[in-house]
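Taken verbatim from TrEMBL:
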type     : residues : note
ACT_SITE : Asp203   : active site, nucleophile
ACT_SITE : Tyr321   : active site, proton donor
ACT_SITE : His382   : active site, proton acceptor
DOMAIN   : 33-144   : domain 'Epoxide hydrolase N-terminal'
SIGNAL   : 1-18     : signal peptide
Amino acid sequence: MHSKISTLILTLAGRAFAARHLPFNLPNVTSPTPFKLEVDQDVINFAKERASTFRVTQSVYPGLTTEGGSTERMSELAKYWAEEYNWEAQLAKINQLQHFATTVPGNRAYDAPIPLHFTYHASPNKTAIPLLFIHGWPSSHLEWVKLIEPLSDAFHIITADIPGFGFSPAPTQPGLGPREVGIAFDSLMKQLGYEIYGTVITDIGWLVGQWMAVDVADSLIGYLTDFQLNTVTDEDLERVAKNETTAEENDFIASTLAFANDHFAYSSIQGQSPLTLGWAMSDSPDLRELSSAGNDYSYDEIITDTLVNWIQDPYNNFRIYVESLRPETLNFPKSNIPAGITQWSLEGGPFPELASFAFAPRDWAERTANVVFFRRHDFGGHFPALHAPEAFAEDIRAFYSSL
């Protein structure tokens, strides 16, 4: 649940392919079935054509601002996409993962069957812990790819695409919100034979995981998150006015308010008018700068991550905000499930005012979670699984070995 500037989203005329149910192959099955990904070449060709005809919008600013990304870098990216990017080579890398499909029953407010795509890497260790990884927006199962090998000796790794993201087909009707997704993912884990497991969650996936800790609590050993949405309350602001807050709290409050006031507009339009946005954003690359914390992304990474979430139409992942921002969805009770909090600095990114956004004090984290593990890093950004996989893997090991 971070600004669209935090990642590149190239939404390329979603309506052009809306009539195609699925522009990629997904087995129509009701139990976990392995397969290799294939994508409609017409979709890939159309994306490259759009990149080749990218029309530059001339900003009144020379570089990145809260209004958007760098015009120069976006032009370079479009040129690279049109002339050098090789989707086939990237797909070959993606297919080195072990991809699976299944279908689970609908639940709660969503009564249609829910087809799912996920990767599954079973550990040879008979005592390994099953771990379900749940990505955020805008992301997919690819966010976790660098953690699979480092953790394979001690964990069974399952990385699932939220419906509408990556290669999990989008919902066919309203009602598939974070609670429903969480119950669907629990059904997936049961299909794999795991009655009890842990989760690693982030961003929108954090909200899915929070409801899993309520709705399927008996299934969970614990959960580790690198993202936690902590609200600044009226009482907190009163303490600020009375000079009763700590320096740590003041830094966090300042960054949180800066994020809410200057970097969070995307959530409102995605929560209110995702279809209009999907139509309107027909040719708008946006570099992931906000949450990079000084970490560079290669053009191949940016384009591949973009394509994976664009292939089945950007509206489908925008719309998760309609379901997620409902008051009843955000008002989840505190769970007793053991929680691990791993925080990663945004310092070094393009917006210094957000440096402490991820650094909620531990007692703030304990307002909504049973925190038994708390660790803070001065690097990593919003995507530590991509930028600091070794340190992130160590946090996962440390948390789950402590339970």
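Cβ atoms here come from the backbone N, Cα and C positions, even for glycine.
Here the structure is a predicted model, which means the values were calculated and not measured.
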Residues in the domain 'Epoxide hydrolase N-terminal' (33-144) grouped by DSSP into helix, strand and remaining coil: 37 helix, 28 strand, 47 coil
Inter-residue C-alpha distance, the residue listed as 'active site, proton acceptor' and Tyr321 (active site, proton donor) (nearest angstrom): 19
C-alpha spacing of the residue listed as 'active site, proton donor' relative to Asp203 (active site, nucleophile), in angstrom: 12
DSSP state at the residue listed as 'active site, proton donor', helix/strand/coil: helix
Cβ-based isolation winner (fewest other Cβ atoms within 10 Å) among the active-site residues Asp203, Tyr321: Tyr321
Cβ-Cβ neighbours of His382 (active site, proton acceptor) (radius 10 Å): 28
Integer average pLDDT (0 to 100) for the domain 'Epoxide hydrolase N-terminal' (33-144): 90
